[in-house]
Every structure is written in structure tokens, then in C-alpha cells.
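Structure, as C-alpha cells:
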Amino acid sequence: MAWSPDEINTFEEIASKLTSEAHLAQPETDNGLIPIFSLVNEITWSLPQDPEIVQGVVTVQEVIQVMLDEAKLFDEAAVQTMREFAKWCCDAVESLRNETAIRPFVIGESSTPTEAVTEIPADAPEPTELPSFDSIDFSSAELPEETPANEDVPSFDDLAAAQDATPEEIAAPNFDSLDDLVADSGEETISFEIPDEVSLSPAISQNPNWAPEKIETFSKLSQQFSAELLLASAGSDEGMLPVYSLLKDFENEFETNETVHQAITPVLAKMDNLLDEASAYDNYAISLLTEFNVWLETALTQLNAGNDPEAFTHTEEAPQEEPDTTITSNPEVEDDGLLAEFAQYDIVMDLNMEENEELLQEFHTEAVDHLGQIESAVLELEQDVTSRDAINSMFRSFHTIKGVAGFLNLVPVNRLAHEVESLMDLVRNDKLDVFTGIIDLVLASKDTITQLIEQITEALANGTEPSEIIEVSELMARARWAMEGPENYAAKTGESSNTIAAPQAEEPEPMVEANETEEPLAAQDAPAAAPSKPSPQQAEAPKDPKAAAAAKRKAAENATIRVNTTKLDNLMDMVGELVIVQSQLLESSRQDAATGATSSGDSLLQRNMSQLSRITKELQHTSMALRMIPVKPTFQKMGRIVRDIGAKCGKKVRFETYGEDTELDRNVVEEIGDPLVHMVRNALDHGLEATPEDRVAAGKEETGNISLKAYHQGSNIVIELADDGRGIDPERVLAKAIANGIVSENDQLTNEEIYKLIFAPGFSTAAQITDISGRGVGMDVVKKNIEKLRGKVEIESTLGKGSTFRILLPLTMAIVDGLVVKVGNDRFILPTTSVKVALRPDDEVLAKIQGNQEILNIRGQVIPLFRLHQHFAIPDAVAEPKDATVVVVETGGKPCGLLVDDMVSKQEVVIKSLGGMMQGIPGVSGGAILGDGTIALILDPATLVSVA
């Protein structure tokens with residue numbers, strides 16, 4: 001059968017690609033499996049049906065099909081077969097050119113010593129492992145050590161005997177023995193200290209015209225809109241789709257609200273015009289979006305105060321058109337024909353949803369991971385252009401995205417990723433030095449591919465094909481120009497682009513810490529927190545072959561699979577039910593012991609109960625660990641924000657992260673993102689000096705330092721944001737708070753208390769309002785969001801040296817240690833992190849002020865008394881304080897004494913959400929099922945303290 005020259009050339013191109021992909025395939029992975037399968041099928045579709053070719057293809061297809069059907073990884077034999085087939089294809093091409101017969105393909109016949117899987121030439125480049133298409137490589141960091149909870153809960157039988165004892169405080173250092181909570185002799189006062197914890201925030205003020213859930217939705221959308229608007233700038237379309245999507249969410253959620261509808265109409269109209277014309281943001285669009293953002297924040301403050309928002313007023317657009325500042329219209333760009341050549345790829349993606357939906361789901365998940373890796377690698381490369389890991393990571397990510405996008409016929413994604421991959425291939429082979437244009441180009445390409453992936457996200461959610469064109473031709477042309485070096489790139493684009501110098505060998509100067517004593521403490525509590533960029537000594541590869549082999553074995557052991565989060569949630573629910581059943585069995589055995597049951601099986605029952613308790617605890621910890629994810633993606637997002645906002649503000653900033661592999665509950669990681677955005681924004685705008693000159697005048701280097709750390713501290717995770725800027729001026733903050741009526745001139749406040757005033761709604765000391773910060777809206781939202789996660793914020797600052805914001809968060813949101821108390825016939829649960837002390841008061845401790853307000857005077861400290869039985873209308877409760885027990889709780893530095901009949905036990909409880917009729921009750925944050933099967937409400941100390 002005669003082959004045309006074009007057909008032979010096509011076969012040669014396929015054979016070349018097969019050789020590359022087969023070389024990348026490695027045993028115990030599935031790297032390259034899908035690309036190889038695609039190329040083998042392409043031989044069948046696009047080439048003449050030569051008998052020998054067909055026989056060879058069928059042989060390899062059978063091998064691959066078995067792997068796909070049984071979800072197998074490559075073994076050495078399969079890798080050898082792929083490489084033999086690739087070489088056989090190359091030989092077949094030569095036979096076709098020479099018009100000689102093509103030899104049959106037989107597995108194992110063409111292997112040679114140099115082709116053996118385990119014998120790669122010494123001078124060959126190190127094989128590059130590509131992330132797999134079917135699996136995601138989660139962080140391999142070791143899980144944080146869990147602190148075992150107390151297994152035995154002592155009884156409270158002796159508490160009744162202390163009813164008539166003299167007043168004393170009850171000590172419970174770690175609640176191992178609650179029998180010691182109430183002492184019955186002497187006047188000696190014993191107290192215990194538990195780390196402070198801020199509980200859930202108070203409920204939003206009632207607004208007669210707005211339902212609480214509508215205000216909550218308005219608040220959430222406003223926060224997301226503010227965060228997305230950070231990166232918007234004239235001449236760029238970055239973030240345009242997320243902003244537009246949020247505007248549509250506002251329109252849909254509040255379609256019947258005239259005030260919101262009137263506000264959203266002009267903003268949506270402007271965005272519609274930009275999207276219809278495929279234009280980037282212009283100056284008026286940025287101004288209008290900023291005005292709308294200010295209105296959102298003002299409206300939210302008014303809603304929380306119980307008022308309706310005022311109407312939105314905005315500046316009208318001037319009749320003259322703003323000059324188009326998009327990259328594609330730059331008059332200085334020299335068009336050498338590439339723009340016209342690549343314009344054919346500016347098309348709407350054809351997803352073919354009917355056939356590819358499942359593959360698109362997998363590609364979407366993996367593409368999002370790779371895009372995150374690209375952004376992280378770019379930011380690392382910008383700091384150190386010699387980082388081979390960063391360069392190789394970008395190349396692998398673009399290579400994988402290109403390959404799968406080509407398989408799915410996602411033309412714009414495939415072509416753009418191909419050009420950038422080719423550019424990074426030159427860099428990694430030392431044929432091109434990294435210059436600033438490459439950094440900007442890779443980030444812009446990542447953002448454009450992200451927009452294309454968002455189209456897939458929307459299509460998968462709605463079942464509709466994309467209809468919008470996202471242009472890639474300009475970025476493709478720029479990638480091609482960048483391949484010719486910085487001079488050519490500058491000449492073509494009209495932009496200056498300089499080669500980035502490699503970092504100097506000496507160690508950088510350490511950051512000026514706000515408190516020099518905090519680092520040893522952090523080191524003690526967080527041995528796992530390490531810098532995200534290793535030192536040169538750490539970065540060296542092991543030279544010992546045994547060590548290298550051990551590292552490969554460890555990597556194989558740490559292989560991961562994707563698990564649907566719904567399945568994890570179901571597992572957590574079942575573990576919760578198991579914990580409840582265990583408590584019920586334990587309660588049953590205690591009741592039998594109390595009634596005098598002495599059968600021969602009692603000891604066996606106790607042993608079985610101990611075994612069940614151990615297994616339940618191990619299963620609980622394991623299932624909780626499945627929900628834990630590293631904070632690295634969130635930290636990466638902060639790095640991008642620092643880079644872009646620092647450039648916008650004209651500030652030189654060095655951003656460093658530590659402890660990126662520290663793991664948190666998935667829900668906590670998702671919720672902490674927006675508060676961190678606000679805090680990083682304030683550190684850039686308020687924390688660091690206004691200009692590099694100001695820093696030099698203050699005796700500092702002109703480059704400011706911001707660090708973001710995560711580490712363990714006891715049962716909490718700490719996220720720490722530090723800067724070496726101006727610090728917080730307590731006198732200025734206090735003066736502003738007095739002027740705003742937040743505090744009075746007569747209040748005597750410590751510096752720590754003054755620092756916390758910045759979390760008051762509407763508080764700001766900024767001299768002028770910018771689109772970055774200065775409106776006094778944001779830090780109060782930060783505090784509320786963190787309190788919703790049962791966390792709190794601590795501040796340390798030294799004027800002229802810098803500030804440190806420390807966020808303390810619980811490891812998980814699913815299970816809480818609780819103190820069970822009795823009020824009448826009802827039981828309630830208090831989080832032990834809020835409990836400070838318990839006591840049985842007498843008449844000398846009790847007093848009344850302002851009529852009926854009851855207080856406790858404990859060691860000279862006046863504490864309000866809160867009667868739970870009155871708040872919840874519980875009859876038959878102990879009304880006389882000296883016959884009851886007072887549990888002192890503290891949140892946000894404010895103590896309160898809760899009057900209860902008695903304390904029952906301390907135990908771990910599974911937090912259950914309340915039904916619709918029970919939601920919104922002041923002072924209640926959830927429910928739990930106790931061991932005897934009764935339901936107890938989990939109290940919210942923060943709300944109780946606020947209303948006491």
C-alpha cells in the first residue's frame with residue numbers, strides 16, 4: 001500500500017510524540033497513559049490501514065485497554081512495551097521512506113540493553129514525572145499529632161455532699177477529675193486556667209424589612225465581591241467573570257428588592273457592554289465598581305444596625321470614550337503576522353458534553369490543581385530564577401493541561417498551553433534566561449486558562465455549552481516572541497523586559513519581629529512549621545543511591561486517590577453516631593453498676609467497653625484526618641495578592657510563608673480565606689510604610705517584609721501574619737475611638753485592649769479612602785468570621801517595628817469538648833475552652849446593682865450573674881445561688897457567671913445542627929445527643945456574655 005509524503009510525515013510526528021510520552025512513563029504510575037492511548041488511536045484514525053501497522057496498533061491497544069479496564073498502573077513490562085512500540089513506529093517510518101517492508105511488531109522482540117526500563121544512559125536528562133490524570137497528589141505532610149482526650153469521666157456523686165459547704169472556687173485544671181471541681185473544706189480558693197477561646201458571634205440585629213438569612217447572604221456576597229475587586233485594574237480583564245457572576249447572584253437573590261435592583265442595574269449594564277465587546281476594564285468601569293463596593297459595605301453596616309440601606313448614587317460615564325488599554329490594542333506592538341495566524345484559535349470551546357461529561361469532570365479537577373501549582377511556582381521563580389523545581393513544575397503542569405485538553409479537543413486551552421509549555425521547555429533546558437516578560441506572561445496565561453476552566457465549571461453545573469469567546473491569540477503570540485529573548489520581546493510588545501538576576505548567596509537579613517520572644521515559643525509549639533522555600537543545604541538531592549531508592553519507596557507509599565467530599569461527610573456522620581452509641585453503652589454500664597448488678601459478665605462488659613472506646617477514638621481521629629487539607633492553596637492566593645497589590649501601591653514587598661503543609665478541617669480552610677485577604681490587604685496598605693523612601697528614612701531596607709505562618713499550638717492551629725512596617729500607634733487609635741464614640745475619655749485601657757478597637761465596625765485611621773482599604777469596613781467582618789469558626793484574634797505590635805496578627809482556630813468543627821451542666825430537668829453543654837472557674841457562692845459574694853442586676857464579686861473582680869433558667873424559661877430549677885453552682889465563662893476578655901443547678905460530666909460531643917424551628921435562639925449554637933439518649937443544647941458563651 002503506497003503512502004503519500006504527507007501521511008508519512010504525519011506518522012513520523014505521531015511516532016515522535018509517542019517516543020516522548022513513552023520515555024516519561026514510569027513503573028508504579030499512570031503518567032502518560034492517556035496521551036499514549038490517544039496517540040495510538042490517532043494512528044488508526046488518521047493513517048492508511050496497512051496490515052502490519054494495524055496488527056501493531058491492535059497489540060498495544062489490548063495492553064492499554066486492560067490497564068484502563070482494571071485501573072492498573074504501569075509495570076515494568078508495560079513500560080517496556082510502550083517504548084518498544086514507539087521505537088517500532090520510528091523504524092516503520094524509515095521503512096516507508098525507504099520503501100522497504102515493515103517488520104511485524106512483537107512484544108519483547110525489539111528490546112535492547114539500552115532500552116531496558118532500569119538502564120537509562122547516565123547523560124540522559126532526569127525523567128520528568130507528570131501528575132496523573134486519574135489521581136491527585138495531595139500534600140504528603142505528616143498529619144498533626146492528636147492529643148488524646150480523657151477516656152474516663154469520674155462521677156459527680158460527691159457534689160451533693162458539698163451543697164452546704166463554705167463558698168469556694170472549684171478547680172479543674174484539665175477536667176480529668178470533675179470530682180475536684182467543688183471542694184468541701186476550708187476557705188482556700190483554687191482556680192484553673194483554660195486557654196481563651198472566642199465563641200460564635202452574636203446574632204445580627206433584627207431588621208423588620210430584611211430576613212436574617214437575606215442579610216447573611218448580602219454579607220457573604222459583599223465580602224466575595226470586595227475580594228474579587230482587589231485584582232481588577234484598567235486595561236486588564238482579570239477577575240471580570242467572577243465579578244460579573246457575583247453581580248448576577250445579587251440580581252437573582254434580591255430580584256424583588258427595589259433598592260438592590262436600582263443599585264445593580266447600572267453596574268450590570270456596564271459589565272454587559274464590556275463583555276459584549278470582549279473588552280477589558282476601562283477607567284470608568286473600575287470607578288463604578290469601586291463606588292458600588294463602597295455602597296455594599298455601607299448598606300451592610302446599615303442593615304446590621306436594623307436600618308434599610310440608602311439608595312445607590314454613582315458618577316455618570318462621560319460621553320467621550322476611554323482609550324482602549326488592552327494588550328491586543330497596544331499601538332506599539334509590532335504585528336509580524338502571528339496575531340493573524342493565531343486568531344483562528346479565538347473560538348468558543350466545544351465541550352461535547354454528551355460524550356465527555358465524565359472526562360470533563362476529571363479534567364476540571366486536575367486542571368484546577370495544576371493552575372494552583374503554576375501560580376505557586378511562578379511566585380517562587382520570581383524570588384529565585386535558579387529554582388529548577390519551580391521551572392519543572394510549570395513545565396509539567398502546562399504539559400499535562402495541554403495533553404488532556406488536546407484529547408478532549410478543547411482548542412483554546414490546548415493551543416495556549418502548548419505555546420507556554422514550549423517557552424518553559426527552552427527555559428528548563430537553559431536555552432533561555434528568565435526575564436520579567438516571562439513571569440507576567442505565565443501569570444496572564446494561567447488567568448486566561450482559569451477563565452476557560454470556569455466555562456467548563458458553569459457548563460458542568462448547568463448542562464449548557466459555552467457561548468463566549470475568550471481570546472488566546474495575543475498571549476500565544478507573546479509566548480512565541482518571548483522564545484526569541486528579552487530584546488525581541490521588548491521590540492515586539494513595546495514593554496521593557498529585563499533578565500531577573502539570580503539571588504545572592506549570602507543569607508537574607510532576618511525580619512524585625514514585633515515581639516522577639518514569640519519565636520522560641522512558636523518553635524516549641526510547632527516543630528513542623530518550616531519555611532516554604534528550603535535552604536540550599538535542605539534543597540540538595542540525596543547523593544546516596546540507597547537514600548534515593550528509599551525516597552522513591554516513600555513517594556510510592558504516599559500515593560493518594562481522590563475522594564468525593566460527600567463520602568467523607570457521610571463517614572463523619574457515621575463516626576458521630578458511633579460515638580453516641582458508645583456513650584449510651586457506657587451510660588448503661590454505669591447504671592448497672594449503680595443498681596448493684598454483679599453478674600459474672602460485668603468484668604467482660606467493662607473490658608469490651610474499653611476496647612470499643614479505643615477503637616471508636618482511633619476511627620474518630622482517622623475520619624477527622626480525612627477531612628484535613630493543607631493551608632498551602634490559601635497561602636498561595638495570598639502570595640498573588642501581595643504581588644499584585646504591592647505593584648499597584650508602588651511598594652517593594654518580600655512575602656514569605658511558613659508551615660504551608662499544616663492541615664486544617666476543610667470547612668475551616670474554606671472560611672478563613674476572606675478574612676486573610678482583608679488582613680493581608682491592611683498589612684500592605686496600613687502596615688508597611690507608604691514609600692521605599694519612608695522605610696529608608698526609618699532606618700530599614702526599602703523592601704518591606706510580610707510573613708504568613710501556620711503552626712500547631714496545643715489543640716489549636718495558629719495562623720500568624722506579621723509585617724515589619726510602622727506598627728500600630730495606640731494613642732492615635734484611642735483618639736479615633738474616642739472621636740467615634742466607641743470608648744469614652746475616662747476609660748482606662750491597656751495597649752492590648754486599644755489594639756482590639758480596630759475591630760469595631762466603621763473604625764479606620766486612614767487619612768484617605770482608596771480602592772484597597774481605608775473605609776473602616778473589613779476588620780469587623782474578619783473578627784465575626786473568625787468567631788464563627790470558634791476562633792479568636794490576638795494582636796502584638798511595636799510602634800516603628802511592625803505588627804503581628806495571630807489567629808487561633810480549632811482543629812475541627814465536628815466535635816467539641818463540653819462540660820455538661822444541669823438546669824432543672826434539662827441539660828446544657830458549655831465548651832470547655834470558654835470555662836474559667838466554677839464556684840458555690842455565698843451571700844458575701846453576691847450583690848445587686850442598678851436595681852435588679854445581680855453580680856458576683858470574685859477576688860475584687862465584678863462579674864455579672866446570668867440565670868439560665870430565666871433565659872430558657874425552665875421551671876423547677878434551683879433559684880437560690882448559694883444552693884446552686886456558678887460556672888464562670890469568658891469570651892473576648894469579658895467574664896460572666898452562669899447559674900446552673902449542678903455539673904454533670906465532661907465529655908466529647910458531636911455537634912448537630914438544629915432544625916428550622918430551633919435555629920436563631922439567642923445563646924444556642926447547636927445540639928448534641930448525650931450517652932443516655934437525651935438531647936442537650938450547646939450554649940454559645942459569647943452571646944450569653946453579651947446579653948448578661
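Backbone N, Cα and C define each Cβ position, glycine as well.
Annotated compositional bias 'Acidic residues' per TrEMBL: 506-519, in sequence order. Per TrEMBL, compositional bias 'Low complexity' is recorded for 520-540. According to TrEMBL, the domain 'HPt' annotation covers 352-456. Per TrEMBL, domain 'Histidine kinase' is recorded for 603-813. Here TrEMBL flags 815-948 as domain 'CheW-like'. Per TrEMBL, phosphohistidine is recorded for His399. If you look up TrEMBL, you'll see 309-332, 504-557 marked as region 'Disordered'.
The residues of the domain 'HPt' (352-456), classed with DSSP into helix (H, G, I), strand (E, B) and coil, number 90 helix, 1 strand, 14 coil. The predicted model assigns the domain 'HPt' (352-456) a mean pLDDT of 88. Of all Cβ atoms in the protein chains displayed, 25 besides its own lie within 10 Å of the Cβ of the residue listed as 'phosphohistidine'. Counted with DSSP, the domain 'CheW-like' (815-948) comes out as 17 helix, 72 strand, 45 coil.
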